[in-house]
């Protein structure tokens with residue numbers, strides 16, 4: 001969570017990422033790496049409610065129960081299955097069928113997931129959990145009735161999470177990291193967020209002084225996409241060296257990634273005619289070794305100029321595939337984000353991200369804030385989509401700041417992604433002409449088309465002197481509200 005205080009012109013980061021249980025070990029998935037993706041061992045100690053508790057204590061004005069009330073009402077009355085959820089249910093069907101708690105999402109006659117528009121009601125025990133959360137407060141999740149029920153759920157499932165893991169969980173409150181971006185100030189969340197990776201891509205690219213002219217012809221557009229892809233590679237090369245700052249000292253690297261000078265150095269290495277020969281040429285210290293998404297993002301701009309970008313996740317669709325029978329909580333598979341062979345996002349792994357007790361795994365989540373020289377919030381951006389979050393946030397910001405697009409055009413524009421390894425430039429199908437693809441291939445890019453349904457999902461707000469604009473990505477059919 002990235003929170004901006006307009007009066008103080010200061011941003012605060014709240015890190016409520018899951019942590020590994022006390023009994024977790026570095027080699028716990030060595031023999032069966034698939035256990036990090038689904039099942040009880042894939043569950044990490046949940047922290048999201050604690051993050052909201054800390055945010056409420058530090059910045060909140062409404063009573064806690066009022067914050068929980070809309071979720072409780074939604075639980076009791078039910079909600080419509082969205083097109084995105086229908087697709088997620090279809091993907092997750094093999095393990096959804098195995099668990100009784102998921103049967104509410106299936107058509108009893110056909111055995112298939114409910115179609116979009118169908119009203120479903122979550123399990124009653126989840127509604128009871130929301131009631132307890134509203135009545136007893138957020139700490140009930142960690143040392144109260146919910147904690148007791150959750151610990152029993154986890155034990156029965158075969159998880160190694162104990163009551164002590166829940167009781168000892170703490171969210172980190174730290175200063176957001178700043179970087180000059182032209183005349184503006186960029187605020188990003190420190191590791192385990194990938195905010196510094198986003199910052200480095202932007203630091204590399206800002207020296208090109210892009211304008212709308214750089215997208216005016218196929219040749220110029222190809223050169224621009226090439227430059228973006230190369231900048232992404234340089235930034236992703238550094239990502240495996242980042243991790244939980246309680247366990248590794250990455251302060252120097254974080255400082256460099258948020259430095260315009262380091263951006264200048266890597267920009268000078270980019271060849272406009274061709275890609276570089278290998279991952280090491282981009283500064284990677286690793287050798288070569290598909291995306292699902294259980295992530296959501298929310299952006300808010302308040303009347304007083306304060307702003308929030310918050311990303312939350314259970315990692316992949318339906319997390320571990322398990323629901324607590326007592327609590328109704330869909331449990332995460334956060335352990336898969338550590339350095340394990342079965343990482344679902346195909347990201348290179350490193351010792352910086354190895355499993356250790358009560359350590360946070362590295363994340364691609366990158367909620368960013370951009371303030372102008374007077375301290376007024378200019379853009380609030382966040383995204384879901386695993387490792388595709390980083391390119392998506394960069395591209396939307398660049399579309400507004402440099403290419404003269406309005407916010408809807410910026411979010412709706414066809415996207416492309418490169419994370420260095422695997423060495424593939426992915427692009428959204430139907431968004432790129434054959435001649436443009438040929439120009440990229442000529443530069444040495446290995447191309448792969450993907451559906452807009454498997455990419456990233458961005459939420460964003462922009463503000464200028466006359467108006468406030470907001471857009472929720474059509475790729476997931478999100479919503480916009482004003483007050």
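Heads up, the Cβ atoms here are built off N, Cα and C, so glycines get one too.
TrEMBL annotations: computationally assigned, not manually curated.
Keep in mind it's a predicted model, so treat the numbers as computed, not measured.
Taken verbatim from TrEMBL:
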type: BINDING; residues: 17, 313, 314, 315, 337, 363, 364, 386; note: L-glutamate binding site
type: ACT_SITE; residues: 295; note: active site, nucleophile
Taking only the Cα atoms, work out how far residue 364 (L-glutamate binding site) lies from the residue listed as 'active site, nucleophile', in Å, as a whole number.
10
Under DSSP, is residue 17 (L-glutamate binding site) helix, strand or coil?
coil
Mind giving me a neighbour count for residue 364 (L-glutamate binding site)? Other Cβ atoms within 10 Å of its Cβ, every protein chain shown.
29
Just the number: how many Å between the Cα atoms of residue 386 (L-glutamate binding site) and the residue listed as 'active site, nucleophile'?
8
Cα-to-Cα gap, residue 295 (active site, nucleophile) vs residue 337 (L-glutamate binding site), nearest whole Å:
13
For residue 386 (L-glutamate binding site), list the number of other Cβ atoms lying within 10 Å of its Cβ atom.
29
Tell me the coarse DSSP state (helix, strand, coil) of residue 295 (active site, nucleophile).
strand
Additional residues surrounding L-glutamate, by Cβ distance to the 17, 313, 314, 315, 337, 363, 364, 386 centre under 8 Å:
294, 295, 334, 361, 365
Neighbouring C-beta atoms (10 Å sphere around the C-beta of residue 314 (L-glutamate binding site)):
23
